[in-house]
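Positions annotated as (6S)-5,6,7,8-tetrahydrofolate binding site by Swiss-Prot, on the basis of sequence analysis: Leu119, Gly123, His124, Leu125. Taken from Swiss-Prot, the feature site 'Plays an important role in substrate specificity' applies to His227, supported by sequence analysis. Among the features that Swiss-Prot reports, N6-(pyridoxal phosphate)lysine is placed at Lys228.
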Amino acid sequence: MRYDHIEEGDPEIFELMRRESLRQNRTLDLIASENLASEAVLEATGSIFTNKYAEGYPNARYYGGCEVADQVEILAIERAKKLFDADHANVQPHSGSQANQAVYLAFLKPGDTILSMSLAAGGHLSHGAPVSMTGKWFNIVHYGVDPKTETIDLNEVEKLALEHKPKLIIAGASAYPRFIDFQGFREIADKVGAIFMVDMAHIAGLVAAGVHPSPVPFADVVTTTTHKTLRGPRGGLILCKAEHAKAIDKAVFPGVQGGPLVHIIAAKAVAFKEDSEPSFKEYSAQVVKNAKTMAETFASKGVRVVTGGTDNHLMLLDVTSVGLTGKEAEELLAEVGIVVNKNAIPFDKLPPRVASGIRIGTPNITTRGLRDEECKLLAEQMSELFITKSEKVKAEIKGLVQELTERYPAYKGWS
């Protein structure tokens with residue numbers, strides 16, 4: 001892609017864009033929540049729809065001139081519904097967190113009880129962490145994971161639900177590598193008369209491709225981001241049963257947002273079309289295969305993998321098992337051109353800014369074209385670096401990263 005107008009009119013921003021392009025192309029990104037949007041998605045994101053204000057919904061706008069914007073939003077809605085086999089879709093949320101806020105507004109009043117996964121166990125800030133708006137406005141009860149298996153214990157979830165009678169039960173996480181029993185959660189929600197919400201932001205692409213169980217048949221409402229495994233623009237999406245459609249739409253607008261971002265909705269529509277192609281199913285299957293390969297390799301080399309493996313696109317490594325903190329491991333990998341994030345692990349004794357683990361994901365490198373054989377080699381060398389911390393191994397991995405990034409560029413023609 002060319003940026004002639006930016007280069008001419010704002011050389012400072014152009015230089016930063018050039019540097020970011022170099023960074024993305026010359027490093028391997030193993031951050032589980034990041035991916036590479038297609039150039040078609042990027043074009044839509046920067047399209048002329050940026051200029052259009054469109055408060056309201058298709059055929060019910062508060063501004064004139066929305067005839068084409070209506071068609072864009074309708075197309076995005078229909079594509080999302082078909083992709084996930086959902087009754088209703090709202091494509092206006094600006095982010096996953098705002099999608100979650102809209103759900104809370106639709107079903108709850110301040111002080112109502114939410115039962116959700118704790119941040120420490122792998123949940124998300126927006127599900128009721130004390131520092132978040134959700135944690136301040138609602139009564140939050142958290143479930144965690146079993147100390148031995150490090151997986152969700154539905155018996156604990158049911159016990160807490162029966163004790164606290166939540167109005168809303170949330171399943172979904174930001175750092176959980178295993179399948180979630182959505183049907184089991186549904187049964188618990190029914191026992192206490194709770195709304196059941198799933199935040200599938202991390203796994204949405206895998207769900208769309210059919211390589212991960214779908215929460216849509218079981219949940220009253222499902223939220224997600226549209227980037228991550230969906231490879232779309234940064235944004236949010238809400239899916240729900242038909243009976244909740246009016247409440248959800250009213251909560252999004254005028255509840256938590258004003259005008260939608262029509263250019264982002266156009267980019268979402270482009271991504272949803274891409275996600276419906278057979279090639280996306282192949283890609284998503286490879287994402288999971290790559291993640292399983294890396295997790296198995298780390299474990300075989302003596303790096304402890306939280307829960308013992310993965311069922312999706314991510315894994316958590318307990319790097320204290322090789323004498324590192326998460327912060328140290330993140331910095332060590334950055335030196336050789338591998339990008340990860342430090343991450344707390346269940347029952348972590350270290351503070352979040354240090355952490356005992358790192359989170360690793362395969363969506364980005366799989367989009368570039370890496371397959372299980374390269375992922376195995378990468379995990380082997382990363383493990384050796386964790387254990388030896390030697391300059392010789394650093395040099396070897398730098399060479400591997402250079403070889404892989406040149407063989408599999410993030411964007412062809414970009415450098």
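Quick reminder: no glycine exception, Cβ is built from N, Cα and C everywhere.
Distribution of Swiss-Prot features across the structure.
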residue : record                                                  : Cβ contacts under 8 Å, 6 or more apart
Leu119  : (6S)-5,6,7,8-tetrahydrofolate binding site              : Leu125, His127, Ala129, Ala344
Gly123  : (6S)-5,6,7,8-tetrahydrofolate binding site              : Ser116, Met117, Ala129, His142, Gly172, Ala173, Ser174, Tyr176
His124  : (6S)-5,6,7,8-tetrahydrofolate binding site              : Met117, Gly172, Ala173, Ser174, Asp199, Ala201
His227  : site 'Plays an important role in substrate specificity' : Ser33, Glu34, Asn35, Ala37, Pro233, Arg234, Gly235
Lys228  : N6-(pyridoxal phosphate)lysine                          : Ala32, Ser33, Glu34, Asn35, Ala201, His202, Ala204, Gly205, Pro363
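Around the Cβ of Leu125 ((6S)-5,6,7,8-tetrahydrofolate binding site), a 10 Å sphere holds 16 further Cβ atoms from the protein chains shown.
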